[in-house]
């Protein structure tokens, strides 16, 4: 991606001198009492005035429900407004989880969690942090896809900001309507390519909302510092435009100069409102906009595209983790992608970057180990003139192959990666072919939600005779293999864990499926940018994140064949990634928070949001 963006990097500016004595490990003074380092400090629940009585109970930032103490009920005029019982936050979590588990429909669970966020913010994040493995598929993929499709029906209260074509010339005024002024992370979408579901217009807001919930729960970014935004430029989805419940503009998508002008006004206004160091994450933009917007703003803003760079980093980490199982180095493998969009080319580019660094070869030489299949077949030199710009680097000399199966037989790849968003493209014939010339083929079916995955765990295991090393972008149910039922590993609370499936056959092969999820990477990258005061995102920061993720695996986990660490440890994972990203930012001269903390890992931990209830004066 570095070369594709033409090496556009800006020089550091605006260095900030911070008070390193304010909190442990050189952290920054936490005025809101949200960070781990400030858990024991007293706070005052105030906005424009001290919240009390019914207003306090109705403010999700400060409401504690039945956890208010006797003194707090007296001091804040709550006596009689609550039942007399005192219920600890831990018991509240148990009650919430009991109610969530009564819901059979995942969308009902999603709605229940969103309603909890609207009435008790800290309890919502406490529930999510304590039960991350069970609830991650609910608050994000795959359930968030259905939530976006039905957004007009399930809409309760607005989350984030909605910027539409009607706001041209007034985008800064819209941003000023947001009640928080210390925004550090923005996730923005235009709704044109939501997961594998296509153009959902304004209803794509579920994606920024879900991503930022994970930024807080998994990466420790304060909720008050997070802002989800949807830019509504219309939709080409006729079904939505004819739906009376649709909440967005009922017009065809605006393109060209009008679109670019609105995005430019938005990006300019963001820096005016929140400063140079606000992180803007582009999410689910269509290919024709994703690459050019990233290239345009990478040199002027702290920004990245999670579909391109985040997906790439987590995929690279999985491939690197599989090397002890397959043998050899990254450069020894041949990669074949099914899907050459923003995710596929982003993964290809970060793999090529790492191969070039490890092998001390040029980037062009490294790219020759990577092949891609799109809707017209294998990308080769003879198709060069008709290719989109971001595909041209992967057009190599070879005869044309009309489909994935023909390309697989001709190229004999050892790593098969799916980013097509097309269900079932890793057919029985393709999987059997890749297994026929590899002892341990690596198969990454990364498209999500589950309904779009290139193959299931069952198919991957069955058609590779139990030798495949499999990872997916969404979780799968327990697997039936050779007459046996194998269920996912168990989380600490005894609930089913979709993060890994463990199977063994009579030959002693270990077979494992892991959810390859961007949630392993982007929360830590965001936290690393914040704690270092980074002003730009460099590709080496994503490489650092991938390496950090791979190093977290223990020898025992590697011996078991695990590609990714357990999700229940995700906050620790995010802290390690944040420290590595911050260290790289300092090395590259992109960090502005000086002096550099002596221990970046401890510093990252001290700055992470804690959802524990605070005591009120």
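A Cβ is built for glycine as well, from the same backbone N, Cα and C atoms used for every other residue.
In TrEMBL, the region 'Disordered' annotation falls on 1-35 of the listed ranges 1-35, 36-70. For residue 517 ((S)-malate binding site), the count of additional Cβ atoms within 10 Å of its Cβ stands at 28 [all protein chains shown]. When Cβ neighbours within 10 Å are tallied across all protein chains shown, the highest count among the recorded positions 193, 211 belongs to 211.
Within 10 Å of residue 140 (active site, proton donor), counting CA to CA, the binding-site residues 193, 283, 307 contribute nothing. Other than the site residues 283, 284, 307, same-chain residues with C-beta atoms no more than 8 angstroms from the centre of those residues' C-beta atoms, the divalent metal cation site, are 189, 193, 194, 207, 282, 285, 290, 305, 306. Binding residues for (S)-malate (193, 448, 517) extend across at most 18 Å, taking the greatest CA-CA distance.
Of the listed binding-site residues, namely 283, 307, the sparsest Cβ surroundings within 10 Å are found at 307.
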